[in-house]
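Engineer: Below are the features I grabbed from TrEMBL:
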type	residues	note
BINDING	HIS58, HIS60, HIS102, GLU104	Fe cation binding site
DOMAIN	26-119	domain 'Pirin N-terminal'
DOMAIN	172-276	domain 'Pirin C-terminal'
Amino acid sequence: MAFINPRQVVKRIVAHEQPEGDGAVVRRSIGRPELRQLDPFLMLDYFTVSPPAGFPDHPHRGFETVTYMLEGAFTHQDFAGHTGTIQAGDLQWMTAGRGIVHCEMPASTGVQRGLQLWINLSSKFKMIEPNYQELESGNIPVAEKDGTTVKVIAGESLGISSPVYTRTPTMYLDVTMQPGASFAQEISEGWNSFAYTLEGRPTFGSKGTPPIEAHTTVELSHGDGVMVWNDSDKACRFVLIAGQPLNEPVFQHGPFVMNTREEIIEAIRDYKGFRNGFERAAHWQSHPLDF
């Protein structure tokens, strides 16, 4: 496939480890000073967690969290009584909307690894009721072509579409390429896009440009698609993510993301005062897990 305006790498960010939550370790790329935001994306973490570490009870308002497990299992509990466990390859797409208080904790011994992406919501969706979309690995569509395998988490690739509904239009692909394979992916004009390398050394944009090492985020230029090659002698794996920018003001204070400073102050008051979406937080606490 030939693109009229192929996307190129415009920025590389190595995701270094940093502490997060309660004893967890993350490699953060989006959300750091080098790439504070990439509209509509607010944060990307590659997390590594072993019990008893994790992400205990905490609030959110105004955006979505997308958790994709790579190894192990995580259990989610929230103040509305929703409980679920996602295993390696499973997905949870959570819309925090007007408010949620939840925890995300390891559900098994050993090391748990995964990705968490924060996607901003338009002002018209920031105060909707919380919602979940959860897909087990076997229910995530898979496309294969010429040595490339794509798990279509959101959007479309190689003629295969995901059932996930994205309020902020988003494409999210988990791509594995065998040695010598190439991959062409259309991306809507005007959308912002990036890739995060998990394994191997893929090359993005133009043949012969330097390959990208593992745990590196590459921001891509605008265009109608991107070309990727695996010129190494080992398989490579990366996630390719794109989204339609909201072009709205962003005010963020920790787990609250709104459009104005006044809305952030209101969110903090609502959370501390157990009102306007946070009423159930007054008498809720997550239950410890036994395994």
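Placement of Cβ uses the backbone N, Cα and C atoms for every residue, glycine included.
A quick note: this is a predicted structure, and the numbers were derived from the prediction, not measured.
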Engineer: Can you list the residues of the same chain, besides HIS58, HIS60, HIS102, GLU104, whose Cβ falls within 8 Å of the Fe cation site's Cβ centroid?
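Structural biologist: Nearby residues not in the site list: PHE55, ASP57, PRO59, THR65, HIS76, ASP78, ILE100, VAL101, CYS103, PRO255.
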Engineer: Rank the binding-site residues HIS58, HIS60, HIS102 by how many other Cβ atoms lie within 10 Å of each Cβ and give me the one with the fewest.
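Structural biologist: Each of the binding-site residues HIS58, HIS60, HIS102 was scored by Cβ atoms within 10 Å; lowest is HIS58.
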Engineer: For the domain 'Pirin N-terminal' (26-119), what does DSSP give as the number of helix, strand and coil residues?
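Structural biologist: Once the DSSP states are binned, the domain 'Pirin N-terminal' (26-119) shows 0 helix, 64 strand, 30 coil.
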Engineer: Across the domain 'Pirin C-terminal' (172-276), what is the average pLDDT of the model, as a whole number?
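Structural biologist: Averaged over the domain 'Pirin C-terminal' (172-276), the predicted model reaches a pLDDT of 97.
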Engineer: Which residues in the same chain, at least 6 apart in sequence, have a Cβ under 8 Å from the Cβ of GLU104 (Fe cation binding site)?
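Structural biologist: In sequence order, GLY54, PHE55, THR67, PHE74, THR75, HIS76 meet the Cβ cut-off.
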Engineer: In the domain 'Pirin C-terminal' (172-276), how many residues does DSSP assign to helix, to strand and to coil?
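Structural biologist: Counting residues per DSSP class in the domain 'Pirin C-terminal' (172-276), I get 13 helix, 45 strand, 47 coil.
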